[in-house]
Every structure is written in structure tokens, then in C-alpha cells.
Amino acid sequence: MIIIFLGPPGAGKGTQGKKIAKKIHLPHIAIGDIFRAIIKTSSKDAEVINSYVEQGKLIPDEIVNHIIKNFLSSSDYKKGYILDGYPRNLEQAKFFESFVTEKIKVIYLNVSDELLIKRILGRYSCKSCGKIYNDYFLKPRIDKICDVCKSSVFEYRKDDNEEVIKERINIFKTETYPLIQHYKNNDDFYMIDGNKNEEQIEDHIEKVLKIN
């Protein structure tokens, strides 16, 4: 089974995707994490991807498709997986559907622009283990100490500023809304109210996916 999490930046795709992945024992694949790992290398792909990320622009389809197809060719993903951040538009969806045969379920997290901006501006992560926190909604239990690994070193993403965030939201509306309409014809398409709190969103997703 393949589960695709769709939604604008800051919708909580990564948070919810990881939770569901853990409960149903499927690998969680975040295209953003893949790109950030590539950026840390000195490859030509890193230079190309970084130029788009710094401007808050979406990476061209041919680059994204090539990377994701190669990544999914691993035997680790033969039994299914959860995708976070891919596909982002109709062209990517058509490419993806051309080489996968498994049943696809789609979870769309619908969130207001105002809440998205607040979530993203307050977002930071533990530099050691990657645990995500938020200045407004999810601080560590002990101030400046990671709940998971106890590190005291945190980092904000450099592309998380209000101007870039608004541009990313606008790009999402232009590029991804047609994809939402495409998947609405799928019996396994589920729209989730992403304005609710983390636990309420998780409960709703579990209900539609029939996870006990």
C-alpha cells in the first residue's frame, strides 16, 4: 500500500506521516529530507537543488521525478511506503502512476494561510536527531533541551522567512490544487482539517485509514 500525504508547506505532512508510518510499519519518505541530504553533498545536483530552495521555488519536475524513481527502486520499499511532498503536481502524478502498481491512498491536509505562516515561522528542529519543535505550538518539555536525544543544539531552516513562505504557499496553490482535483476522483482520497491540533488530526487520519 502507498499513502500520499498532500498539503501546503507547514500543514504537518511530516509530523502526521511519521506517526502513521510507525503505526502501520511502513517506511516514511519525505522528498524534502532527500533534497536536504543531497544539498549537504558537493555534487552538481546539490548546487541545482540549493538554488531553487534558497529562492523558495519548486524544483523542476524532471529533477524530482528522476530522484524519487531512483530512491523508490530500493527493495526496502517493495511492501509499500508513505510519501510526503510528492507528487506535487499533475505531471509528477502521471509520472509516478506510470511506474507504480500498488493501491494508492491520498491524505490531504487542508490548512488556512494564516496558520501555515505561524507554524512555519516558529518551526525549528534538533540538529542532532531532527525532532521538530515550534515556538508557538510545541516547545521541548525542558527549555532548550531536546525531548528525544537531550541535545541543546537547535536550528531554524534558512528558507523559513515570511516572504519566502508566502511565495511557497502561492506556488502550492498554482501547482498543486489541480492535483487535488485529480485525486478527488479517487475513492481513497481523504480531506483532513489541518487547522485542528496535532492529536485531533492524527485521530481523524487513523479513522479514515481504519487504523486501530
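The backbone N, Cα and C atoms fix where each Cβ goes, and this holds for glycine too.
Here Swiss-Prot flags G10, A11, G12, K13, G14, T15, R123, I132, Y133, K196 as ATP binding site. Secondary structure at G12 (ATP binding site), as computed by DSSP, is coil.
Taking Cβ-Cβ distances under 8 Å and a sequence separation of 6 or more, the neighbours of G85 (AMP binding site) in its chain are F5, K13, A30, I31, G32. Feature annotation from Swiss-Prot assigns AMP binding site to R36, K57, L58, I59, G85, Y86, P87, R88, Q92, R157, R168; the stated evidence is sequence analysis.
According to DSSP, C146 (Zn(2+) binding site) sits in a coil region rather than a helix or strand. Remark: C146 (Zn(2+) binding site) has C126, S128, C129, K131, P140, S152, F154 as non-local neighbours, by Cβ distance under 8 Å and separation of at least 6 in sequence. Annotation comment: Swiss-Prot describes C126, C129, C146, C149 as Zn(2+) binding site.
Confidence annotation: the region 'NMP' (30-59) carries a mean pLDDT of 85 in the model. For 30-59, the entry in Swiss-Prot reads region 'NMP', with the evidence type sequence analysis.
The feature region 'LID' is assigned by Swiss-Prot to 122-160. Counting residues 6+ beyond its ends, the region 'LID' (122-160) has Cβ neighbours under 8 Å at 10, 14-15, 53-54, 56, 198 in the same chain.
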Nearest to C149 (Zn(2+) binding site) by Cα, among G10, L58, Q92, R168 (binding-site residues)? G10
With DSSP assignments reduced to helix, strand and coil, which class does C126 (Zn(2+) binding site) get? strand
Residue pair R168 (AMP binding site), R123 (ATP binding site) - Cα distance, angstrom, rounded: 16
